[in-house]
C-alpha cells in the first residue's frame, strides 16, 4: 500500500523533512544513519498510537495520518521532538542517498534495486568527522527487524505490508543495534541482507514499533542536549517532554497547528537543534597549542635572562632554589584550583573572570574581571617597554640612537605594539602561529645557554665564567645579600616571573576542550618552567663567580697560601672588587647569560621572544576577558565592548581599547610604580581562584563535582592565604591599594545587583547556612525573651494590599518572620499553573520592593480551607508563624453571609491552634487590585496628542479586603507626576506613560490610593495609641513598641489607654506605669478610662440595630420548626436569645468606638485589644457587627489578640 503524499518539509539541509515520505528506491539505495530519532513509515490502515504511547486509538478514516502514521495536526509538544540532531557526516550521507535514489528512479529501478556506489558513502561506515558528536561517543541506536536479514526484496515488500505484529520494516537510529530475537547484528555484503531502510520516528505519535526501553513512551531517554544552556556553543538546547505533557490528562481533540498540512512551522519546531558548530571555520586550539605553549611563554619572561643570575648571586644557589620552589608552590596550588573549577562544567570564554564569577558570583567576578583585564592591558606595555629597552641598549652599544634613550623607547614601543595589534586582529590562528615561532626562538636561546656552560673560553674567565667547578658551586651555595637586599625582597623580585599560569585559561573560549586542556596544559607548563628555572639557577651558580673585574691582567702567577675565594683557587685575583665596584660577575652584570652562551645574539633573540610572546599573550587575554565581562552586563556602561566580529567572535573593540591603554603607558615609559600594582592584581586573581575552590567545597553543593580530583579544599585555602601574603611581601602599599579597589568594585556590583544567576557557591553556602541554622534552631526551646512576631499575612497577591503589607513589614522587618499567604481557588489544574508562575513572580516582586517576606501560595476549595493549610504547614521548624494577620472585611454588609461566616471562622481556627490574631482596618480599605488594571483602559482613550484629559469613572463591585484569590497585574499603581519645575509631586492621577494623557481617578479611588501608601513614608511626630484593655500576653503592647524602633515611626510616642474604675484611676495609672517601666517600654502618657461601661448614645445603638436587622433570626415571630430549620441552614443568623445574652458586650463595643473617636481620632495608628467571641455561642453576624461597630470611622486601627501566652517579661 502506497503512503499518502505529504507537504515537503522546510527542514535543514541534510535532514529529511518531517512530512517527507522516502521512496522504495531511496530506501534501498542508502543506509543513512542519523544520530537522532526516526519515524517509521506506517501504512495508512494502521491506527496511530495515542499521545502517551500507551495504547492504540481506533479513530477510523478521520484519524488518517500523513502517511507516516501520525495525525495531521501535531500538538506543539509533539512537533518539538519530530527532528533530532544531525551530524555533518549524516547530512552529506543523506544528500548522497537522495541523489542515488533519484538516479535509480530515473533508470526505472524497482523496490529491489541494487546498491549504488554511493551506498557505501551513505551507509555511515566511514569514520565520523573529527569533532562531530558521533566521533565524541554520541549514542546511536539501530532498530532492525528480523525480516530485514533475509533479502532486499522481502525487506522492501514487507515495508508496505502489515503482518500480525505490525509491518515488517527496518528502521534505525544509528549505532547500537537493537535486534529482535533470532536476528543477526552483521549483514552480508551482498543481496538484501545489507539493506537497512531509514525512517523517521516521532515518539509522540507513533510508538508501535519501538519495543525497546526509552522509546515506547513519550519519556525521553537521557541525552546531553537536554542539559544544554539555550546559548550553548555546540548546539541549541533540546527540550525534553515537560512533566505536564507526561502527566496531564489528554485533550479530547488534538491541537491543529497546520504544520502537517504544509502550513507555517511551529516555533517549537524551529527551535530544534541542528547540532553544528557555531559557524564553519571556527579556530579551536588543543591543550598544547592553546594552553601549554602560552603558559610557558608567559612564565618564561625577561626575568629568566636578565635577573635570575642576579638572584642567584644575592640569595645563593640554595635559597634561589627555595625562592623558585616557593613561587612554584603558590602557582601549583592555583593551577590545581584552576583545574578543579575548569572541570566542574563547560567553560566558556573569559578566563579568570569566568572561573571566579561562576564560582563566587558576579560581585567578586565583576571586581576581579575588571582589574584583571586592566592588568593584562598594562602588562602589554610592561613587556613592550622591556623589549624596547633591550633594543635601545643594542643601539646604544653601536652608537646609533635616534633621539635619546627615553624617546627611543617610546618610538620603538609604539611601533612594536602596533605590529602586535595587527597580529592579534588578524585572528587567533595567526597569533597562535606567532607564539609557536617565539617559543622555538626561546627554546633555542635556552639551549644556547646550556651549551655555552660546557664550553668556557679563556677570554671569558676574567669576566667570572669558568665552567662547572665545585669550588664555585660551594662558594655560591650560600647567600650574600648586599645593598639592603633580603630574602623576601629577592622573592618579590622573582615572583612576577612565575605568573602567567592563566595565559591558557584566559582564552578558554578558543579551546576545543577547556575541561581537559586547562588542567593538562597549565600544570605541565608549571612543571617544565620550574625545572628550567631551577636548572639555570644551579648552572649559572656553578659556573660564574659573584664578582669579576673583567681584566685579563688579574691572573695569579704564583700560588697563594691564603687563597679562600673560588676565583683565587682558579688563579684569578678579583679582590679589588671589595674596595671598588666591578662590572662583571653574578652580582654586577645582568647580561651573564649572554656572556655564558655559545652564541650571544641568540640570547638577545630569546629576550625579544620572551618579551614579545608575553606581550602578545596579554594583548589577546585582556580583550577576551573584558568581552566576557561586558557580555554579562555587570557594568552596563561597557556594554558596547561585548560585540564580537568574524567567525571567532573577535572583540575588535576590546583590542582597540587594550591597544590605547598599552600605548598610553608605553608613552609614559616609567613603569616602576605601576609594575607592583599589576603583580598584585594578578595575585588577587589567584587568591580568589583558590578561595573559590575552598568556598565551593565548603558549601557542599551537589553541583560541585569537578572531574579533576587532585585538589583539596584546605590546600586551596592555604594557597589563597599565601597569595595574600605574597602581595604584601612584594609591595605592602600596592597590596592595600588592590584590596581597596577590589572592595570598591565589589560594593558597586553588590549595590547594582546585576540580573544574573550562575548558581554560585555563595548561593550554595547561603542555603547551607540557612539549613544548618534552621536545624540548630529546631532544638532550641521557646523562651519568652526570644519571642518574635512571626506573621502569616493573608495578603493574596502581595501587591494588591500594599498598606497591609507595609504595616506588617514595619514591625517584622529584621525582627520576625513574615509570610504572605495567597489562597488560589477555582479549578485545580488552572490554579496549580497559576501558583507555579506566581511563586517566582511575587517572590521577585517582594525582593524588588525590599520586602523581607516570603510568598506562600496554596490551592483550596475556599478561603478558610486554604488558610487552615497555611496555618498548619507554612514555615520551617521554629520558623513558623504564630500570628494570623487579616484585613478587615470591609464589604461584609453586601457580601454573601456564607463568606462572612467563613471569615469569622478564620479567627476560631487561629485560636484553636494557638495563633494570635491581628485585624487591620483602614476606613478607605486595603484592596487596590481593582485599580491595577486601569492602565489598560488608557489605550482606548488615546486618540491624538491633543486629546484632553479624560475622567475615568472606575466602576467595580467592591471586593473584600480579605479576598486573597484574585489575579492581579504585577505593575503597581503610581500617582506621582513631575511638575513644570521638575519636582515630583503626588497627584490624584493615574498615568500610563509620560507621553500619554493623564486620567484622574474618582474621589473614592483617589483616597484609596493615598491610603495604600501611607505606611511607606515617615509618620512624623504623632502618637500611637495603645488600648490595652485585656491582657493577651502582651502582644497588643509589643507590636506598637516594635513599630517605634523603626526609622519611619521613631518620632511617634506611645500613649496607653486602659480600663478602670472611677475611684481607682490614680492607682491603676501607677500600676500600669510600674509595669511598663519593668517592661522597659517608653510611653508618653497613660490614660485610665473609668466610663467604659457607660451606656452608649441612643443614636449609635439604633445604628447598630439597623446594621444587624437583616441578619436576625426573629425566632419568636416564627414557628419553632421553621426557626430551627433556618438556624440550621443559616447558622450565622443572630437569635433573640443571643442578642439579649450579649447585650452588655454589644454596648461595650459601641461605647468603645465613641471613646476612640473622642481620644484617638488624631492618632497615627490605634492598636486595640480584639474582642473574643465564644465559639458556638456568638454568631458570625453578631461578631462581625461588633467589629464593625468598634472600628468604624477611625484612623488606621489594629485589633490585636495574642494567644494569652506571655510575650513580654521583666526578668533578665
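Keep in mind that glycine also has a Cβ here, set from the backbone N, Cα and C atoms.
A quick note: this is a predicted structure, and the numbers were derived from the prediction, not measured.
Annotated range for transmembrane segment in Swiss-Prot, selecting from 520-541, 542-563, 564-585: 520-541. Among 346, 364, 372, the residue that Swiss-Prot places alongside 500, 501, 682, 686 at the chloride 2 binding site is 372. Relative to the membrane, residue 352 and residue 630 are annotated in Swiss-Prot as lying on a common side. Here Swiss-Prot gives transmembrane segment for one range in the set 629-641, 694-706, 733-745, 746-758: that range is 733-745. Here Swiss-Prot has 298, 299, 496, 497, 499 binding K(+), and the candidate from 383, 645, 655, 710 in that same listed site is 383. From the options 235-252, 253-270, 469-486, 487-504, the stretch Swiss-Prot describes as transmembrane segment is 487-504.
In Swiss-Prot, the feature phosphoserine is assigned, of 170, 940, 965, to 940; the remaining candidates carry no such note in the record.
Cβ contacts within 10 Å of residue 301 (chloride 1 binding site), excluding its own Cβ and spanning all protein chains shown: 23. Of the recorded residues, residue 496 (chloride 1 binding site) and residue 553 (N-linked glycosylation site) place their C-alpha atoms 40 Å from one another. Here the topological domain 'Cytoplasmic' (337-367) has long-range neighbours at 232-233, 373, 501-502, 505-511, 514-515, 518-519, 522-523, 621, 624-625, 627-629, 632, 634-635, 685, 688-693, 695-696, 703-708, 710-711, 716, 719, 741-743, 745-746, 749-750, 754, 756, 758-763, meaning same-chain residues at least 6 beyond its ends whose C-beta is under 8 angstroms from one of its own. Mean model confidence of the topological domain 'Extracellular' (542-598) amounts to 77 (pLDDT, 0 to 100 scale). Same-chain neighbours of the chloride 1 site beyond 301, 302, 303, 496, 497, judged by a C-beta within 8 angstroms of the site's C-beta center, are, in sequence order, 304, 307, 494, 610. Counting residues 6+ beyond its ends, the topological domain 'Cytoplasmic' (624-651) has Cβ neighbours under 8 Å at 278-283, 348-354, 357, 362, 365-366, 369-370, 372-373, 376, 425, 427-428, 506-507, 509-510, 657-658, 749, 754-756 in the same chain.
Following the DSSP three-state reduction, the secondary structure of residue 302 (chloride 1 binding site) is coil. Note on the topological domain 'Cytoplasmic' (505-519): residues 131, 283-287, 290-291, 294, 335, 338-339, 342-343, 346-352, 354-355, 376, 428, 617, 620-621, 624-625, 628, 648-649, 707-708 of its chain, located 6 or more positions outside it, place their CB under 8 angstroms from a CB of the stretch. The Cβ of residue 302 (chloride 1 binding site) has 23 neighbouring Cβ atoms from other residues within 10 Å, across all protein chains displayed. Listed by sequence, the residues of this chain that lie at least six past the ends of the topological domain 'Extracellular' (455-486) yet keep a Cβ under 8 A from its Cβ atoms are 312-319, 539, 541-552, 554-555, 565-567, 569-570, 572, 574, 584-587, 589, 592, 595-596, 598.
Residue 553 (N-linked glycosylation site) is 33 Å away from residue 303 (chloride 1 binding site) when you measure Cα to Cα.
Within 10 Å of residue 553 (N-linked glycosylation site), as judged by C-alpha distances, no binding-site residues are found among 301, 302, 497. Annotation note: residue 553 (N-linked glycosylation site) sits in a coil segment as assigned by DSSP.
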